[in-house]
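Peer 1: Please find one structure pasted underneath; my questions will follow.
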């Protein structure tokens with residue numbers, strides 16, 4: 001073939017590249033690769049915790065009910081990828097979210113692997129009681145920085161929701177159950193448009209003061225940009241340390257990874273994502289899924305940031321659930337990798 005141009009060599013070595021450190025995040029023993037050295041110099045976190053929300057946030061908007069055994073197998077596959085947190089279901093009324101009607105069966109059916117946490121979403125005290133009865137040992141509550149979204153999503157005002165959450169969090173803490181808090185519409189609302197950073201800060205501070213160990217700031221509509229992410233985080237971080245914050249980005253406008261990078265540069269090291277980019281929001285028409293876990297891991301691996309997660313195994317779990325629900329993956333990494341395998 002003679003002397004090949006550099007670009008051609010890269011094409012020929014594409015499969016090999018995918019098998020190397022961008023897949024696993026591993027570097028040569030005893031040495032930092034250039035990406036890891038750069039991450040340390042730039043002040044980026046050395047470790048990023050990924051909170052996998054695919055089984056709950058990813059599937060809850062699916063119109064066709066996913067069989068319980070499929071959900072259980074999906075979660076069991078994710079549990080073997082190195083992920084340390086997998087949000088498995090939601091103890092909400094089946095009238096509001098039919099997809100989550102089998103929450104107790106899912107909770108009782110999964111194999112809970114050592115070192116993996118399995119939080120569930122609860123809307124109120126009744127949901128907490130049902131979750132605990134089903135074996136849940138960690139929960140999350142779901143608030144909003146938008147009055148309109150709060151009323152559409154949980155059928156009450158922000159102030160009313162805070163009253164509910166205070167009861168839930170207090171009760172959970174008495175049972176030594178950790179509580180995570182979500183704040184949706186942190187960068188925009190489908191009904192109100194732009195949301196003032198101060199409003200996000202107020203809601204986040206209240207949840208944190210009640211006892212939530214971590215506040216996940218959600219770009220529910222996926223309209224955020226690195227600029228708006230930076231402005232919002234600067235406001236919230238005046239009241240809550242970055243170590244108690246996470247970001248939850250939807251990719252409607254293709255900004256999720258850029259927004260996540262901005263958050264990492266500001267000291268946040270917890271990121272929510274969903275395998276295959278599953279998700280959406282029934283109360284935010286047009287919003288696409290969460291940032292794909294595969295794409296997030298690929299980016300973090302390429303930056304030399306440790307996640308402890310096996311990209312190949314995550315892709316296999318994504319392939320499983322996409323086939324089960326008859327969907328095409330939204331992960332760019334999965335699309336490119338599967339295509340390369342066929343060539």
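Any Cβ shown, glycine's included, is placed from N, Cα and C.
These came from Swiss-Prot, pasted as-is:
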type	residues	note
ACT_SITE	281	active site
BINDING	56	substrate binding site
BINDING	57, 248, 250, 290	divalent metal cation binding site
DOMAIN	48-315	domain 'Pyruvate carboxyltransferase'
LIPID	2	N-myristoyl glycine
Peer 1: On the three-state reduction of DSSP, what should I expect for the residue listed as 'substrate binding site'?
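Peer 2: In the DSSP reduction, the residue listed as 'substrate binding site' maps to helix.
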Peer 1: Taking the mean position of the Cβ atoms of 57, 248, 250, 290 as the divalent metal cation site, which residues outside that list, in the same chain, have a Cβ no more than 8 Å away, listed in sequence order?
Peer 2: 53, 58, 218, 219, 220, 249, 272, 273, 274, 279, 289, 291
Peer 1: Compile a sequence-ordered list of residues in the same chain as residue 290 (divalent metal cation binding site), six or more apart from it, whose Cβ lies below 8 A from its Cβ; state 'none' when nothing qualifies.
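Peer 2: Those within reach of residue 290 (divalent metal cation binding site), by Cβ under 8 Å and sequence separation of 6 or more, are 53, 54, 57, 58, 248, 249, 250, 251, 256, 272, 273, 274, 277, 278, 279.
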Peer 1: Please report the number of other Cβ atoms within 10 Å of the Cβ of residue 56 (substrate binding site).
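Peer 2: Total other Cβ atoms inside 10 Å, all chains included: 27.
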Peer 1: With every protein chain in view, what's the tally of Cβ atoms within 10 Å of the Cβ of residue 250 (divalent metal cation binding site), excluding that atom itself?
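Peer 2: Within a 10 Å radius of the Cβ of residue 250 (divalent metal cation binding site) lie 29 other Cβ atoms.
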